[in-house]
Amino acid sequence: MAEKYVIAIDEGTTSARAIVFDKELNILGIGQNEFTQYYPQPGYVEHSPEEIWQAQLLAINKALEKAKIDRNNILSIGITNQRETTVMWDTRTGKPIYNAIVWQDRRTAPITDYLKANYLRLIKDRTGLVPDPYFSASKIKWILDNIPNAREKAEKGEIKFGTIDTYLIWKLTNGKAHVTDYSNASRTMLFNIRKLEWDREILEILNIPEAILPDVKPSSEIYGYAEILNSSIPISGDAGDQQAALFGQIAFNQGDVKCTYGTGSFILLNTGSNLVSSNDLLTTIAWGVGKGITYALEGSIFITGAAVQWFRDGLRAIDVSDEIEPLAGSVPDNGGVYFVPAFTGLGAPYWDPYARGLIIGITRGTTKAHIARAILESMAYQTMDVLGIMQRDSGIKIDALKVDGGASKNDLLMQFQADILKMKVVRPKIMETTSMGVAMLAGLSVGYWNSMDELKQKWKIDQVFEPKMDDEYREKLYSGWKEAVRRALGWAKTIGG
């Protein structure tokens with residue numbers, strides 16, 4: 001019998017990707033296509049859904065060409081996606097009624113300010129989220145209120161809403177399936193994560209018709225069949241990108257935690273079947289497999305890798321990002337310099353939009369190497385901030401941090417991360433954890449892999465970083481960071497700008 005394969009569709013914020021995996025989780029082929037970012041007004045960020053669709057089809061074809069396999073041997077498809085980004089389309093024509101409003105878009109702040117002032121506790125208790133333009137709910141309301149005939153069509157059932165996974169499943173199945181999974185639904189700010197259903201009271205508050213919303217299903221089951229590649233292939237896995245990365249890190253047990261270092265960083269802690277509430281972090285659904293639901297705590301750090309980009313492009317201190325590691329390693333320590341990357345405020349656990357970036361502790365002896373080191377160290381300090389709150393609010397002791405994303409390749413940073421956390425930092429062999437996670441979910445539901453235990457055997461470690469720093473020095477460094485953050489907080493409110 002011919003060997004079968006799983007293809008992961010990974011629709012991100014800047015590009016559409018596809019990766020072909022075999023049963024041993026080897027990567028056979030990768031396809032990637034970037035698409036346009038639209039900024040029609042300050043605070044607005046949009047994508048063209050049709051451009052995403054075309055980019056995704058090209059990525060699938062590229063991945064299959066590179067894999068050099070018979071297309072008839074694709075057993076199933078998994079879809080992972082940028083979360084919260086909102087698409088609405090006409091069910092008759094299949095065409096979007098407006099561009100996709102991206103998770104970064106801030107135009108709906110007046111809506112969410114109203115919700116925060118009047119319904120904060122209700123929304124937090126039911127959805128696990130804090131009212132913010134980040135999530136889908138206010139984006140849906142904006143489209144219904146501002147696009148001609150949108151509300152009228154929605155009331156008649158002529159319009160559908162979806163996060164990007166839902167839109168792609170609709171397109172792949174030629175309009176036969178209008179579905180999402182628990183993890184994506186939990187990022188809309190409309191889904192009751194306790195009852196596992198759309199929350200009618202929140203829908204009424206926002207005047208959103210329930211008829212436009214997709215069916216919500218577990219993250220590993222057959223949602224429909226993709227009519228592409230001249231065959232009918234089951235779409236059998238679906239998860240938001242950060243939840244897929246948690247699954248791809250084999251973080252199946254309560255207390256398992258991962259940090260993805262990208263432009264910003266996302267930290268997710270598996271809290272098992274326990275729905276843990278936190279004032280400083282988001283409560284979300286990690287995944288649903290079978291009849292069980294796994295919950296997670298999430299901390300979002302706004303600026304990590306973007307600080308390296310600023311050091312490269314803004315200060316022109318380095319030519320390419322990879323140069324920061326040897327530069328930072330050329331000095332034995334930070335020389336008393338701290339860098340707080342509050343370019344757009346601070347996320348978890350501070351949630352201060354008025355904080356601003358700060359470099360402090362500069363002396364005549366400070367060099368760009370000290371600043372480079374302070375930038376890398378800021379990523380580790382912010383991770384420590386979030387993990388501290390996670391342990392406090394969940395009551396779960398965290399023993400190790402699993403890492404992925406671009407900056408996790410930086411050995412100096414990973415060693416400092418282990419030192420400052422006083423815990424092991426574990427880096428996997430395959431860094432494509434998001435795509436791998438949804439490939440696993442897709443393969444499980446069609447029997448490609450028989451169990452999560454089987455998947456554990458296939459996951460391989462690249463390196464484990466053990467903590468080496470003494471306690472007194474660790475505490476001194478971290479107290480310096482906390483003092484630097486204190487000085488950055490509220491800056492824009494104090495002096496304006």
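Cβ atoms are placed via backbone N, Cα and C, with glycine included.
Marked as ADP binding site by Swiss-Prot: T13, R17, T263, G305, G406, N410. Here Swiss-Prot flags T13, R83, E84, Y134, D241 as sn-glycerol 3-phosphate binding site. The feature ATP binding site is assigned by Swiss-Prot to T13, T14, S15, T263, G305, Q309, G406. Annotation comment: Swiss-Prot describes R83, E84, Y134, D241, Q242 as glycerol binding site.
Taking the features listed in Swiss-Prot, we show where each one sits on the structure.
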residue	record	DSSP class
T13	ADP binding site	coil
R83	sn-glycerol 3-phosphate binding site	coil
Y134	sn-glycerol 3-phosphate binding site	coil
D241	sn-glycerol 3-phosphate binding site	helix
T263	ADP binding site	coil
Q309	ATP binding site	helix
Quick check: with R83, E84, Y134, D241, Q242 left out, which same-chain residues have Cβ atoms within 8 Å of the centroid of the glycerol site Cβ atoms?
Q82, T85, W103, R187, G240
Based on Cβ atoms within 10 Å, give me the single least packed residue among the binding-site residues Q242, T263, Q309, N410.
Q309
Could you tell me the C-alpha distance between Y134 (sn-glycerol 3-phosphate binding site) and T263 (ADP binding site) in angstrom, no decimals?
16
Between the binding-site residues S15, Q309, N410, which lies closest to D241 (sn-glycerol 3-phosphate binding site), Cα to Cα?
S15
Integer Cα-Cα distance in angstrom, Q242 (glycerol binding site) to Q309 (ATP binding site):
22
List, in sequence order, the same-chain residues at least six positions removed whose CB sits under 8 Å from that of R17 (ADP binding site)?
I9, D10, E11, I30, G31, Q32, N33, A59, A63, S435
Per the record, glycerol is bound by R83, E84, Y134, D241, Q242: how many Å separate the farthest pair of Cα atoms?
15
With every protein chain in view, how many other Cβ atoms are within 10 Å of the Cβ of R83 (sn-glycerol 3-phosphate binding site)?
26
If I take the Cα of G406 (ADP binding site) as reference, which of the binding-site residues T14, S15, R83, E84, Q309 has the closest Cα?
Q309
Spatial neighbours of S15 (ATP binding site) that are distant in sequence (at least 6 apart) but have CB under 8 A
Q32, N33, E34, F35, A55, A59
For a quick check of packing: other C-beta atoms within 10 Å of the C-beta of T14 (ATP binding site), how many?
12
Out of T14, R83, E84, Q309, the binding-site residues in the record, which is closest to N410 (ADP binding site) when you go by Cα distance?
Q309
Hey, how far is T13 (ADP binding site) from R83 (sn-glycerol 3-phosphate binding site), Cα to Cα, in Å?
9
Rounded Cα-Cα span from G305 (ADP binding site) to E84 (sn-glycerol 3-phosphate binding site), Å:
21
Largest inter-residue Cα distance among T13, T14, S15, T263, G305, Q309, G406 [record-listed ATP binders, Å]
18
Using all protein chains in view, find how many other C-beta atoms are within 10 Å of the C-beta of E84 (sn-glycerol 3-phosphate binding site).
25
